[in-house]
């Protein structure tokens, strides 16, 4: 029977120990609780059976019961309370619980008085939790064990109790905070790892980098606004990519200005509340900073993946600019929808955390699971998909360069474009990979950093100290500075893509109050030059009919060049004006299925001519020019064209046109 009593007495402690799973020192200590003085025993142990890690905390928890004890509602009430809040200390590993009959007598005699004072009977004190017996507390055998410890019994024994939230870091239960897997607790502010001077330096460093990134991305976006038709697919995603990181850098700059006013809760000295990290969505300013920062961080990465997709479509299946642009709605749905969904999920899970280094709010700063699933996993997925598509596109372009003969000019432009893609991708991938590496390092060593912090602050906070600490380490500030630097600098490569002489000319024209009409793009538009595939697949000995681009920067006109057709015409002795009209007329010839060439209708010419040029044509000029063309010159030109070798006239996409630069190209 005695053995059964001991086993049953130890069972609640076993459950309690398995629940808290942490660290501290087990030792007998004198009872300092005023309510538990003058009892048959005078030593207790902490933490007690109600999860109070010191007698000061236990005394605060016992205060509501003082009126009942002072009014002496029951002679069993005070021994019963002390059995739970300050149990008798015996040999290590042995705990005695009060009997159920003792609990029932105390409850029946004091419950009405407790209702009068508005004090509920705690759930931890339910009588059904205690062994079914009827003996006083403590028993005589317990007093003997407490007064005569066994030989060799340890005076102080280490026991694993886990992290106990200090009173200064306690948070209202309604807010749903959590710190080190302890509910209603929050990390301290300022940062738990760094000194104030280190935090001040880090804040100014982040502010400076955010200004640089904001300036670069804003310049890219404004360059796009000056000439919105200049950047078409496949390079249009660079603009949205720049906009995303412009917003990211703006939020970090706002965090620099706010310091820790949003990322941290203010201290309340009257309630012994220290400044703690903001968590959850109750702080509207912190929630807004988190939504913008996380949304545009993820959206920027998705836009980079879309950029690699558009390059892949242009390089491998030879999609043209118009064909890629038809998928723009799908691109926007993915780029804004995926980050939006992740942001909503995090808001619903209440995973927002204040960053007391940068002053912003983000996710995964203290919650390792949120860091893994909502930061590391998406970023790694974006890198894998983007790099795969990028390599496939570069390999395809390189195969074209090696296997198919190109003119030297086109070879140089293709190589230049491949170099630009490679440099831009490296400038994006290297910072992003460094950020991912910092996150992996942080989540791997965070447990050691937290244990070190508890070891250094446990006596100050009066909480259990760590047990059997084998490794102690503090994070280096350079790790966090590198993470913030690379997270911001990843948006700067966009300015190198738009940086060119043409950009300088456009800004100069903008500041002087005039706009150039439209200038032909240079090497970065190589994927959009006319009849690229045709030049790759044609016979090297076959002559090419060059095609006029008009004023378009994308080279989408399908008119035959008047200069080339004039070279074919045998009427070179005609006057300059007649020669020009003949060439213009031949530029509108179309070849029918039987091999003959027929003139286009004027309606077809009107549809092909640029809109600005069409307004200058009058009916008189059109009819007068056609009237001066004699029949001999027309038939002679048609005959000469028929006798020439096969001439390729195609209506290719921006990937399937010849790369030819006119003499007037910018």
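Please read every residue number as a count from 1 along the shown chain.
For all residues, glycine too, the Cβ spot is worked out from N, Cα and C.
Between 265, 521, the residue that has N-linked glycosylation site written against it in Swiss-Prot is 265. The membrane topology recorded in Swiss-Prot splits residue 261 and residue 502 across the two sides. Between the stretches 289-309, 352-372, 457-477, Swiss-Prot puts its transmembrane segment entry on 289-309.
From the options 148-168, 169-189, 400-420, 421-441, the stretch Swiss-Prot describes as transmembrane segment is 421-441. Among the ranges 268-288, 478-498, 499-519, the stretch that Swiss-Prot annotates as transmembrane segment is 478-498.
Using a 10 Å Cβ-Cβ cutoff, residue 356 (N-linked glycosylation site) registers 26 neighbours.
Within its own chain, the transmembrane segment (329-349) has Cβ neighbours under 8 Å at 237, 240, 281, 287, 290-291, 294-299, 302-303, 306, 309-310, 363, 370, 374, 378, counting only residues six or more beyond its boundaries. In the structure as shown, the Cβ atom of residue 265 (N-linked glycosylation site) sits within 10 Å of 23 other Cβ atoms.
Cα of residue 42 (N-linked glycosylation site) to Cα of residue 265 (N-linked glycosylation site): a distance of 41 Å. Packing around residue 42 (N-linked glycosylation site) is summarised by its Cβ count: 15 other Cβ atoms lie within 10 angstroms of its Cβ, all protein chains included. Spacing of residue 265 (N-linked glycosylation site) relative to residue 356 (N-linked glycosylation site) is 10 Å (Cα to Cα, whole number). In this structure, residue 265 (N-linked glycosylation site) is part of a beta strand by DSSP. According to DSSP, residue 42 (N-linked glycosylation site) sits in a coil region rather than a helix or strand. Secondary structure by DSSP for the domain 'FZ' (23-136): 51 helix, 11 strand, 52 coil.
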